[in-house]
């Protein structure tokens, strides 16, 4: 055994006075393995474990789940490893004390004298954890005082007779089911029972410093920014550098020397934060993106040239690199959307093969990233959850309001494309002007792409250029005029969208460049 490797604990010993297991040479325990009861060689190592105090031996991997053990939540009697059979038929139909769920097929540890049951998978539930959905640590407790709380992860009722995680800070009532709190998308896998509390990082994560009245120095910009009131004439074409959306009716920060603008709410987002969309803390990355394939947000799949949050852990075990844009970060853990009567929360379920559809756009939700109703089967993707309730349109003096579909006998027509609008789908309207517009006509395909960026395909470069009434070039791919605020120039060809770039004969141009 390596010098820095701790000796494993004998699971038969009392948790307050544990015995350690000693490593012995030989693949076969001489007296047989106490866990699996087999006198067979270990399939993967050349040693076995022995506890001289309890006089038992184990294969190298069997010591984790012995036939009997003493569990810290039931110290009165040893627990016996059982599988589903007639002997435990009655007890196995009772919810497990540690997590409160019934699982008839999973091996469990049982105390028949006390009718106590713990799933094999729940034996090693951590005592103290930290999740990104709550600022304080959570402790596993076998029961709670009489109350009817809701789990703050799945928002279903917590049965206080069974184990759960709760916050012990004074005045804090945060609680979560054992399985919800330790879900692979929620918990980072660290047991913190013996770990010291991490220091407060308030000063280090502040995005700006105040340098005068309504004046700040933002951490990634060289000039001072001044807080301004929105002026519909002066500020109509300004875009927020962080979220890329237009500066609208909200207060915003204006650089005193150059064209750098930030919504007040975007400027206030910290440089590091804990967010329910990821199990590790996220850090703000304002650096320019050079590869267009890296512009996609993990939660909504939109391309954006704005600021983004990335995982702070270089060894993150997620299958894909997490990258979340500002619009998605600003969606609360739980909120009531104007299109639905019940609160929505960030789901931990994984949508497989498109079996969950968004009630907004009717498309399949994006894997594990979507909002779910706390009461009914309503679901919403992040694209729809981040559509602004109100916004200004360049040809209307009033705010446009988002409508969530209606049963109307009269036909509606889009003010932009002059085509019929399906009133059962979401659309924008101005009641004062009797104006209706498709969502896609308002936003286009590149609403989160800002002009002035350059992306690279090997030695070739693609420029994002501003589109206005004086330009509106014809797209090389679709042969239509570019309708959005920006267009793409690659190999001296003009494209209206990334889709047209991607579906064109780009590979032939790249070969010619080489």
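Including glycine, each Cβ sits where the backbone N, Cα and C put it.
Copied over from TrEMBL, here are the features:
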- 133-181: domain 'DC1' (DOMAIN)
- 219-267: domain 'DC1' (DOMAIN)
- 277-328: domain 'DC1' (DOMAIN)
- 338-385: domain 'DC1' (DOMAIN)
- 395-442: domain 'DC1' (DOMAIN)
- 462-501: domain 'DC1-like C-terminal' (DOMAIN)
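Averaged over the domain 'DC1' (133-181), the predicted model has a pLDDT of 85.
Contact count against the domain 'DC1' (133-181) (Cβ pairs under 8 Å) is highest for 338-385, out of 277-328, 338-385, 395-442, 462-501. Contact counts against the domain 'DC1' (395-442), taken as Cβ pairs under 8 Å, peak for 338-385 among the stretches 219-267, 277-328, 338-385, 462-501. Listed as Cβ neighbours of the domain 'DC1-like C-terminal' (462-501) (distance under 8 Å, sequence separation of 6 or more from its ends, same chain) are residues 292, 303, 305, 444-447, 449-456, 509, 513.
For the domain 'DC1' (277-328), DSSP puts the residue distribution at 6 helix, 13 strand, 33 coil.
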